[in-house]
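Structure record follows, encoded as structure tokens.
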Amino acid sequence: MGCFRQTRDDEDDKLRKEANKKIEKQLAKDKLLYRGTHRLLLLGAGESGKSTIVKQMRILHVNGFSPEERKQKIEDIKRNVRDAILTITGAMSTLNPPVQLEHPQNKAKVDYIQDKASQAEFDYPPIFYEYTEILWKDKGVQAAFERSNEYQLIDCAQYFLDRVHIIRQAEYTPSEQDILRCRVLTSGIFETKFSVDKVNFHMFDVGGQRDERRKWIQCFNDVTAIIFVTACSGYNMVLREDATQNRLKESLDLFKSIWNNRWLRTISVILFLNKQDLLAEKVKAGKSKIEDYFPEYARYQVPPDASSEPGEDTEVVRAKYFIRDEFLRISTASGDGRHYCYPHFTCAVDTENIRRVFDDCRDIIQRMHLRQYELL
């Protein structure tokens, strides 16, 4: 009887050892996989373009968006159209000085938009699209749109209002560009996984509004690199959540707090100077001068390392390098050689631009990863 129990105990012990071996083998495998994964944390103020960067990674490296996902985006795109026309027509009377409609008979259409389209349960009847198209062509509405830095308007307003005739169609399917442009508030933390040339990346997108930033600390552990995204076109705009704070100044303050954060002193930052297309439009229009918001711009000279695209406006080049240097001033002032800032000019809705920029960044990220695990 005792011998039988002993044999059984030996078998149980053997099974436990085999199970432990399997667990240890899996843990070692998981550890290698974990150490072989580049963790990228996307940070930046609200509406800087972080979520659009994530969408581009899906387009470039995760087979894009399925037909079902495209269908699911229709409601968000319709909401963008509604928010855009509601906001612009609503601002006409509150702007100082106010803006008048070109055609007074359109007042009834504005009243319809403000009364009906503002309701929570709005079903987008054909008359809504008809009125929206007519109002968008009204020069008074266009004049109010041109002053959109004086109120809060989503960046994609013009893009979608120009395409109402497409969006209203029953068989409408959003294009990749439509999905990239679509604005949805990010709340919480979203992880996107993808591989490039057999290298694994995990990208974490965290909401950028002030009340979302307390969640960032949850993502700081084992981060390979931070991608900080700033909207360069925000130089003449104020925050949605604080009408007293300039958007670009908020972004600079946020960058400074991240750069000097004691938990992040060894993590380098890839700086995406985003919305270069919108910055160029504003600078060339000449209506909102950077020096009116940043007086030091009046004395700024383009640095020797500046390069420009063929045919690029010289004032646009000056503007984008001024903004770059404002960020680099922060990183060099408190740099201790333990982490670095790598700036890139980006347009998040331009897939080819993001492809080129991310390809340029991959070598930097790889070096950061090797340094992180003391392999370099």
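The backbone N, Cα and C atoms fix where each Cβ goes, glycine too.
What Swiss-Prot annotates here:
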type	residues	note
BINDING	44-51, 180-186, 205-209, 274-277, Ala348	GTP binding site
BINDING	Ser51, Thr186	Mg(2+) binding site
DOMAIN	36-376	domain 'G-alpha'
LIPID	Gly2	N-palmitoyl glycine
LIPID	Cys3	S-palmitoyl cysteine
REGION	39-52	region 'G1 motif'
REGION	178-186	region 'G2 motif'
REGION	201-210	region 'G3 motif'
REGION	270-277	region 'G4 motif'
REGION	346-351	region 'G5 motif'
Q) Which residues does Ala348 (GTP binding site) neighbour through Cβ under 8 Å, counting only same-chain ones at least six apart? A) Gly49, Thr52, Ile53, Gln56, Leu180, Val229, Phe272, Asn274, Lys275, Ile354
Q.
Quick check on the region 'G4 motif' (270-277): DSSP residue counts for helix, strand, coil, in that order please.
A. 2 helix, 5 strand, 1 coil
Q) Among the binding-site residues Gly44, Ser48, Val206, which ones place their C-alpha within 10 angstroms of the C-alpha of Thr186 (Mg(2+) binding site)? A) Val206
Q: Using a Cβ cut-off of under 8 Å, list the residues of the same chain at least 6 residues beyond the region 'G5 motif' (346-351) that approach it.
A: 49, 52-53, 56, 59-60, 176-177, 180-181, 229, 272-277, 357
Q.
Can you work out which residues elsewhere in the same chain, 6+ from the ends of the region 'G4 motif' (270-277), have a Cβ less than 8 Å from its Cβ atoms?
A. 44, 48-49, 53, 155, 225-234, 255, 320, 323-324, 327, 341-350, 357, 361, 364-365
Q. Using DSSP, how many residues in the region 'G2 motif' (178-186) fall into helix, strand and coil?
A. 4 helix, 0 strand, 5 coil
Q) For Val206 (GTP binding site) and Ser51 (Mg(2+) binding site), what Cα-Cα distance in Å is obtained after rounding to a whole number? A) 9
Q: Going by DSSP, give the three-state secondary structure for Ala348 (GTP binding site).
A: coil
Q) Which ones in the same chain are close to Ser51 (Mg(2+) binding site), with CB under 8 Å and 6+ residues apart in sequence? A) Val184, Thr186, Phe190, Asp205
Q: Could you tell me which of these binding-site residues, Leu180, Val206, has the greatest number of Cβ atoms within 10 Å of its own Cβ?
A: Leu180
